[in-house]
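Quick look at what TrEMBL lists:
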TRANSMEM  7-25  transmembrane segment
TRANSMEM  37-61  transmembrane segment
TRANSMEM  68-87  transmembrane segment
TRANSMEM  93-115  transmembrane segment
TRANSMEM  136-160  transmembrane segment
TRANSMEM  166-187  transmembrane segment
TRANSMEM  218-236  transmembrane segment
TRANSMEM  242-262  transmembrane segment
Amino acid sequence: MHFIRAFFVHIVVFLIAIGVVWAASDGGQLLNGGLEIGLTIFASCALIAFVVQWIALIPAYLLKTEHFYDLTGGATYLAVIIFAFMQSEQHDLRSVILTCLVAIWAIRLASFLFLRVRKQGSDSRFDDIKVNFWRFSIAWTVQGLWVLITAAAAIAAITSGHKVDFGWIGCLGLLLWLIGFLMEAVADNQKRLFKQQKSTHKEFIQTGLWSRSRHPNYFGEILLWVGVAIIAYPALYQWQMVTLISPVFVILLLTKISGISLQEEQANKRWADDPEYQAYKKRTPVLIPKVFG
């Protein structure tokens, strides 16, 4: 039963990936040495995104550990974005900035999550699935799709044959990325320090950025990927515009699939009878931070 489910999930993932690759390759540069078969740089990045996951899956399953899951995700972002930049024939300002922004974000987030899992000892998301190869493989394959779609606009812009000046649109996107990155980093650090200092598991964070939003780190992540999409937009050509689904995908992932939906459910169970938490929920927005009040 697990094999059948994994088979269909993998088919769906591959179909989505093929669609993204087809659209993003429109007007994209061909891979050096791939002229004979028409392989684009973007398609090569997609292959890298999935192959890295499957290679990492083998030792992770044998050791029954999820400790390297987030670290592998971050390493994959680094691999595909650097590969795209190195293979591109035109290293304009937009390409340099996009490469740096994705790399900086990936290094910070992956290292933060890796250290957090090491300290906690485990990640509860994987408790039931890491003992079954097929269920575990779904998580790793989906991570490959996450990397591909999230970074799609950046990779498409870097490898696009359509180059334009950075301009005010690029500056706007860079500003949004900086705000989002700082918000995510500060919020994560505030929560890390809070967990180190709290005296009981019944306490919840409601200070700093967390007094403005119940999930300021996720808002920051959404904002920075919106910034990346805005920076990439002027360089995208025809069907490459499809890659602008990147921030939409991030929003759906963090609000409906994982992230907020899971954490809100856990919080509601843990503090269902806590009047202080109920008051916190009433005065604090779920995602978009309140500016006043």
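Just so you know, glycine gets a Cβ as well, placed from its N, Cα and C.
TrEMBL: automatically predicted annotations, no manual curation.
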Whether the transmembrane segment (37-61) meets the transmembrane segment (136-160): three or more C-beta pairs under 8 angstroms: yes
Any contact, the transmembrane segment (242-262) to the transmembrane segment (166-187), with at least 3 Cβ pairs under 8 A: no
Region pair the transmembrane segment (166-187) / the transmembrane segment (93-115), three or more CB pairs under 8 Å: yes
